[in-house]
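All remarks here apply to the structure that follows.
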Amino acid sequence: ARPVLGDLGVTSITSSSMRLQWSVPEGSFDSFMLQYQDAQGQPQALPIDGESRSVTVLGLSPSHRYRFHLYGLRGGKRIDRVSIDVITAAEVPQELVLPSEEPQHEKSQTEAPVSNASPARAVLGELKVSSISPGSMQLQWSIPEGSFDSFMLQYRDAQGQPQALPIDGGSRLVTVPGLSPSHRYRFHLYGLRGRKKIDHIFTEVVTEEPEELPLPSEEQKHEKLQPEAPPSDAPLARAVLGEMRVSSITPSSVELQWSVPEGHFDSFMLQYRDAQGQPQALPIDGGSRLVTVP
């Protein structure tokens, strides 16, 4: 029976790490491979044992968009793939204590100022949805009066776990990734000065239904497409790979370089066996001529 991967979702996220979770609704895999490009655009590959259903990815950069691809492997072959786009949280200042998830809907009360001088008032405008998909949404707000040092977006994920997303004070827009399709979320946006909540707005949104398009199999993705017979006798343009060389090397990684002296390729695939003899495969876009194997 052909094994199938379920949706890839985010269960927790920080400025430098995130935890991804998936299911296997049908069959089983020998192992998994998580692949993504780091903030410098270098491809990274993380092998995962076949019993796992979650993984924590470390060493990420704040406020950076990552595209993660999870491959299910059996007998060294890629059987299925799921993907997700996620943005890491903004960097949290050390002195900022994350406010707890509060059920209150009313605006938080500020403490009385130390002196008789009233601080400038800051007011949050309406919180609106500017775009929405089955797995993410973009929220937008205004500040009709005053200014804030930073913002904090809080909500509960589909499993009921509280999530907090710090946002810098200059932002008026945030993308919330890792949501579940057809799920109702209540988002609370707090305007902060220092560590104090000055104002609070919220909105309720339902994510879109999932697309009903079937996931294409990895065999279809990576096998060479057989072109239809050309209407004329003109031959197809030839593409040739040049020599592959090592451009740098460390005890735990190597950088490989190659050329394409003739024609061009849609993409590349680097394959090798790790120290345990397990086959690994690293997909590379067709414009690259360099890859780091971590």
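Even glycines carry a Cβ here, placed using N, Cα and C.
TrEMBL does not curate its annotations; it predicts them automatically.
TrEMBL has this to say about the protein:
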| type | residues | note |
| --- | --- | --- |
| DOMAIN | 4-92 | domain 'Fibronectin type-III' |
| DOMAIN | 123-213 | domain 'Fibronectin type-III' |
| DOMAIN | 240-294 | domain 'Fibronectin type-III' |
| REGION | 209-232 | region 'Disordered' |
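Mean predicted confidence for the domain 'Fibronectin type-III' (4-92): the pLDDT average there is 91. Here the domain 'Fibronectin type-III' (123-213) has, by DSSP, the following mix of helix, strand and coil residues: 0 helix, 50 strand, 41 coil.
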